[in-house]
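Read the structure below first, then the notes.
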Ligand SMILES: Nc1ncnc2c1ncn2[C@@H]1O[C@H](COP(=O)(O)OP(=O)(O)O)[C@@H](O)[C@H]1O
Ligand SMILES: N[C@@H](CCC(=O)OP(=O)(O)O)C(=O)O
């Protein structure tokens, strides 16, 4: 049967790879690797984003009682990542396949050139039939340098590599209409790009070893789907979940994708840390930019003011009069020219539509 996707990112959460006692679940890992190999044999390119370094570290070393939370995580992840990757390497070697370790931090997504370098490396690995296994570099990612969790990282990678689909494997079948442990809660099978309000169902409860929780998963999934990438949240503990999701026979919450965004827009969607200045627009410009289905560029006539400095090609944030962020764009010219043209009619757009990413929840 032909599979609907060509390039797939699979995110595997900590709890999927971890037993209740906190130690790695090797049979589960072996089964997931078998499924990945099966998909690869059917012609799919697979990129894995795997958590589990901290859990693997726990099986190897005891954290000293005086170590704080940051030190403990660094210690466990530094030791555990070696074990995590060597386990993947051994399991894949049985099928004659190689994997590659890709450890990243938020910084690696800041600069477009840096971003493209990373993308080129992924492309080479995929071309050589190597399976990239990505994780956050927990040793140097501390506090504000951290991704919210690996769901955010997996979303960035899916957008960066123009994946057709992202499958997020957790310990639940998807998003439920209430606490998944309660019998009245029902699985939401499909969420459309324009759907809102599903966040109300999500409780603060997390899996035992997870970091971000279901709310980040939802936000990320929705954002990625709006970039034109199909997203499924499914249960990584279910037998044959990956082929099941792809065949449409397994349970999951499917975030239906909107029409595909350009590579530049996908990059901009996650480029908040690279913003150089904020451009405030008036109500008319806000209304024009947020009209569904219309390709509108940001013209100087609708700009009220600018905070910060930028050059041609820098990323600017666009905000409304109240300071609410509307999206990000690439400046067509620098601050000096922008100030000269501010408020004037018949001027070149400061941000062209092709280089503009508007927040999906913009009303
Ligand atoms: N409405 C909901 N539907 C599904 N899961 C939910 C919901 N609200 C909270 N959760 C919790 O989210 C958890 C999964 O998120 P998380 O702990 O981040 O997992 P992971 O480690 O796989 O990233 C589930 O184990 C569940 O307890
Ligand atoms: N980088 C950490 C995982 C952090 C994380 O986001 O975990 P999870 O929420 O289970 O995907 C590790 O490898 O242990």
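From the backbone N, Cα and C atoms, a Cβ is placed for every residue, glycine too.
Database features, via TrEMBL:
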| type | residues | note |
| --- | --- | --- |
| BINDING | 11 | ATP binding site |
| BINDING | 51, 138, 150 | substrate binding site |
| DOMAIN | 277-351 | domain 'PUA' |
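Annotated features, which come from TrEMBL, shown on the structure.
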{"residue": "11", "record": "ATP binding site", "CB count, 10 Å": "30"}
{"residue": "51", "record": "substrate binding site", "CB count, 10 Å": "29"}
{"residue": "138", "record": "substrate binding site", "CB count, 10 Å": "23"}
{"residue": "150", "record": "substrate binding site", "CB count, 10 Å": "26"}
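Averaged over the domain 'PUA' (277-351), the predicted model reaches a pLDDT of 92. Under 6 Å, Cβ to nearest atom of ligand 2: this is the test, and of the binding-site residues 11, 51, 138 it is passed by 51, 138. DSSP assigns residue 138 (substrate binding site) to coil, not to a helix or a strand. Here residue 51 (substrate binding site) is positioned 8 angstrom away from the residue listed as 'ATP binding site', judged by their C-alpha atoms. Residue counts for the domain 'PUA' (277-351) by DSSP state, with H, G and I taken as helix and E and B as strand, are 17 helix, 24 strand, 34 coil. Between the two most distant C-alpha atoms of the annotated substrate binders (51, 138, 150) there are 11 Å. In the three-state DSSP assignment, the secondary structure recorded for residue 11 (ATP binding site) is strand.
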